[in-house]
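See structure below.
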């Protein structure tokens, strides 16, 4: 059994074909995070993939935000599946169950925690030593603690607590448990490119939670010789060094490997210098890791997102279910053929083969540009009160659509001649043909001080300020032209521009990385 987790930073990462990408990952269960699709934007090419069955969770409050999906090979079809951690989103048979104790959460909290499409759970049967057992796979995209939104910090911690509650309940019920996904916290200094640059690194609440949630084996004791800890005492104390029911599988196999990161900033080009963090994990219960896991690693060579995939392999083979559970996307009405959308009757869809060649049944969805173009072309809207013209058919080829919107030239037209920065914009009146200016006459007109002070027609902006960005200075260390950036964060500097070194971000000790050059763009330049 091989499993993979990957934050794909948008379903567009599968632009080359969903099946092609999934096949290239070569795993039985593929869990992806940050799909950024909602139910109404999910198209058939992403939902129905030949050879796989898929399970999605969507954000219910924001479009283009969050979202997770689990793709299982048909040979790894789960016996149960459900969306969310609380059970509130489960209204069908075939759910996983075992929700744990929610007395510490209010009803409103539980609803909000499951409202952003951050978890999908699938339960599989595996053959372990001639005995069929269950493995529950929890695919999660944990929240980020936005420093500008203090309430999100508490939201993140509550999500962690709910995740632990559900995972431990499943474990107590007799199932093995694997938790994988983007946890949005680097655990130890070795998992961060520059931990000394982080204030009070070890005091981060997310890291404190990981210390309790994960089992930390003693360095001087063989893991194989350890006894199973008492259920009552395990993981209940924040002071416990070895407490926790789950293991970080990557660190289990690579306890001292450094610079093993899974996430990098695309804005600063940090992947080029491997200046990142390890925040994507595969956690599994201790017994499963000890008895069945044979390997786990990261895949930094796989690009397409600001994260890279993480994989794990178990020796136990999967026992597929005879049919997918009800949460499977193939049962959704828009894909199962039980209900047709209005767009089906407005847009002609040619029947094609299965898999990647299927046409999207929702061509008017916001994520399908080609569908919108077909709809606009086939059903033009006539403004109220306007008469339609009868267009005669012609054997000549039709022109570009844009040609129908261009105004026809008239004898009294006043075209605008726009010159480059430092010049003047002037309107020339003509009758049938615009008289071209000789180069020397045009040059004299451009240098005329009276014309230089003229204002641009309609907008009223002095021509003297219509210029491009200021020339970039060179950074002091490398002597290379800098890049221009704009402050987008809300605050007193929002909208201001500045120059920084053009090289990718990296550690201060790396001479190939960005230097600390910084310069504000002065006003009026």
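Glycine is no exception: its Cβ is also placed from the backbone N, Cα and C atoms.
No curator has checked TrEMBL annotations; they are predicted automatically.
Worth saying up front: this structure is predicted, and the values here are computed from it rather than measured.
Features reported for this protein in TrEMBL:
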ACT_SITE  141  active site
ACT_SITE  182  active site, proton donor/acceptor
SITE      184  site 'Transition state stabilizer'
REGION    217-242  region 'Disordered'
SITE      280  site 'Important for catalytic activity'
ACT_SITE  307  active site, proton acceptor
DOMAIN    475-524  domain 'GRF-type'
- Note on the structure: Secondary structure of the domain 'GRF-type' (475-524) by DSSP, residue by residue, totals 0 helix, 12 strand, 38 coil
- Message: Measuring Cα to Cα, how many Å separate the residue listed as 'active site' from residue 307 (active site, proton acceptor)?
- Response: 13
- Message: For a quick check of packing: other C-beta atoms within 10 Å of the C-beta of residue 182 (active site, proton donor/acceptor), how many?
- Response: 28
- For residue 280 (site 'Important for catalytic activity'), which residues in the same chain are close in space, meaning a Cβ under 8 Å from its Cβ, but six or more apart along the sequence? 5, 6, 7, 181, 182, 183, 262, 263, 298, 307, 308, 309, 310
- For residue 184 (site 'Transition state stabilizer'): intrachain residues, at least 6 apart, with Cβ closer than 8 Å: 142, 143, 144, 145, 156, 206, 279
